[in-house]
Amino acid sequence: MDSEVHSISISNWFSTEEGKSGDDKNHMPKTLTEQLVLGLEDFFSLEVWRASVAELIGTAVLVFALDTIVISSFETNTKTPNVLISIFIFSSVSILILATFPISGGHLNPAITFSAALLGVISYARATIYILAQCLGAALGALALQAVVSDSTVQAYSLGSCTLTVTQPGTNGPTAVGINTSQAFWLEIFCMFVVLFASVWIAFDGRQAKPLGPVVVSSTIGLIVGLMVFVSTTVTGTAKSGYAGAGMNPARCLGPALVRGGHLWDGHWIFWLGPTIVCLPFYMYIQIIPRQHFQPSKQGNDD
């Protein structure tokens, strides 16, 4: 039973298909039609649904942790809360990926899951289940946070969620500070592309992931995410305004918006459209480069 439950194991993420000499077709991503047809059985796979529970729980913990980090960092008297946010995000993301990838692959992010489906790492059916689980988990994580945080703190920091602007007291009354829609949109695109190019590439390429090992891979992803949060808050000059940086995770932004509502829906589309758009040029780039430079590791029982 254990071997079946953990069929998405370290050996799936951190291995190449050795023993299949010269069979390059096994390393090539499936076409969209092949994935849509061959992946439908995943809707009826107990193993896939079990893996989706890991995505649900992992995303719930991620949202609770990240939003708590944002609130706690801005509550401190430090002059650079964005540095604290970046460091703690690096730690949290790394640990949660490491904890969940033996079961589900450790996606915890609809944009990562969508990229995995485009590259043929998982089927579109599995991706659909994962994304639904991630969104539900994000809502549960936001509910848990709202239950333990005071109403005044929730109001002051927008539940630590993804926002373009926040309202702060000013000499002439409450003042909205933050960034505009255009800035936020381009930050989402730039930061998400860096995450995909610099870290997910390593995780999905079995030749790199195997020698590096799970700790290095998960730490690399966490480091890149934390770095992008630091960059996005620093270049916009919003390090102390309450803006917590690029979301780079649509589910993480959706959960608090569902729970809290209100101004959290303002510009919410940016946190979905930006990362989703980035997945397409990243996919095209993978198709352009020679096949020997990228050999995706299969996740699940798709063989």
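Heads up, the Cβ atoms here are built off N, Cα and C, so glycines get one too.
Unlike curated entries, TrEMBL annotations are predicted automatically.
The list of residues near the transmembrane segment (48-71) in space but at least 6 beyond its ends in sequence, with Cβ under 8 angstroms from a Cβ of it, reads 5, 8, 42, 84-85, 88-89, 92-93, 96, 99-100, 103-109, 125-126, 129-130, 132-138, 140-142, 144-145, 149, 153, 157, 159-161, 244, 249, 251-252, 255-256, 300. Under the heading transmembrane segment, TrEMBL lists 48-71 (among others).
Marked as transmembrane segment by TrEMBL: 83-101 (among others). Residues 10, 13, 54-55, 57-58, 61-62, 65-66, 69-70, 72-73, 76, 108, 214-215, 218-219, 221-223, 225-227, 229-230, 233, 244-245 of the same chain sit 6 or more residues outside the transmembrane segment (83-101) yet have a Cβ under 8 Å from a Cβ within it.
What TrEMBL lists as transmembrane segment is 107-125 (among others).
Annotation source TrEMBL lists transmembrane segment at 130-149 (among others).
Per TrEMBL, transmembrane segment is recorded for 184-204 (among others).
Sequence annotations record features per position, and here TrEMBL assigns transmembrane segment to 211-231 (among others).
Feature annotation from TrEMBL assigns transmembrane segment to 269-286 (among others).
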